[in-house]
Structures are given as structure tokens and as C-alpha cells.
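Student: Take a look at this one; I'll ask things after.
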Amino acid sequence: MTPKLVIYTDGACRGNPGPGGWGALLMYGDKKKEIMGGDLATTNNRMELMAAIQALEALNKPTKAELHTDSQYVMKGVTQWIHGWKAKGWKTADKSPVKNVDLWQRLDAARARHEVDWRWVKGHAGHVHNERADELARLGMLKTLGERGSGKAV
């Protein structure tokens, strides 16, 4: 049986807005890849979106993936809200511009290349892979700030 690609993503922010980071853990069978990054001036929602975007953009061919996020914003946005936003020219129900439209459009393009099964996971609930994605997001933020991380290899 062919293993499936499983992805866990998370974002972190010190202040909102403030410096932030994103992290993603990609697992295929017994192989793992960890990616992270950050921004000096951002929001938690932008970092949550970036984690999913970067994970999907890291895939070099169309892939069937299961993507786990602890962000209700990302989960509801990508599975419910995005269809209406696109139909209304990237406007909300009250005709105002969609917040973070640049990232939503990028996520929409990234997911179009793949077959993604979106899954919500409760954050900070002891789920080992989600906790690792959270740690990667914090490390991404620390690296962006030029601070020392936890000392764990990434």
C-alpha cells in the first residue's frame, strides 16, 4: 500500500501584529521534512496561512495530501469561505476586501495543484506532530529575530 503524505502546519506570533514564524512537518512513510520561516512584522493569521502555503509549495509534483492545521481561520477559510470570496471578486459578504487576500490567493493556487484533505486538530492538546509544527513555527520566529532556538536540529 502506498503511504500518503501527511502534513502538520502551525504559525506563531509574538504580539499581534509583531514578529512571527511558521512551521510545517511533512511526513511520507518513514521520511520526514521540516520547514520553517518567519517575518519581522506579521500576524498570527498570516503565519498560519504561510505554513500551509509553504508546505504545499514545497511539493514538487501533484500530490494527494492530508493537511492538519489547528487554525480555525485557515480551516474555515479554505473549506468554506474561499468559494464565496472568489465568486465575489475576493470580497466578503459585506463587500469589504478579504483580509490577507494576497496569501489566500497564493494558498488557493498552491492547493489547486494537489488533492488536499483538510483536517482540523486541536492546538496545544499534546498531539505530537502538531506540537512539532508549533515548535518549528516558534523556531522560525526566533531565527527571523536572530535569537537562539531550542538547540534541536531542524
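Positions of Cβ are set from backbone N, Cα and C atoms, glycine also.
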Student: Of the candidates GLU48, GLU57, which one does Swiss-Prot list alongside ASP10, ASP70 as binding Mg(2+) 1?
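Tutor: Answer per Swiss-Prot: GLU48.
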Student: Near GLU48 (Mg(2+) 1 binding site), how many other Cβ atoms are within 10 Å of its Cβ?
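Tutor: So the number of other Cβ atoms within 10 Å of GLU48 (Mg(2+) 1 binding site) is 28.
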Student: Do you know offhand how many angstrom separate ASP10 (Mg(2+) 1 binding site) and ASP134 (Mg(2+) 2 binding site) by C-alpha?
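Tutor: The separation of the Cα atoms works out to 5 Å.
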Student: Round to the nearest Å and give the CA-to-CA distance linking ASP134 (Mg(2+) 2 binding site) with ASP70 (Mg(2+) 1 binding site).
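Tutor: Distance between the two Cα atoms comes out at 10 Å.
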Student: Around ASP70 (Mg(2+) 1 binding site), which residues of its chain at least 6 apart sit with Cβ under 8 Å of its Cβ?
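Tutor: Long-range Cβ contacts: ASP10, TRP120, VAL121, LYS122, GLY123, HIS124, ASN130, ASP134.
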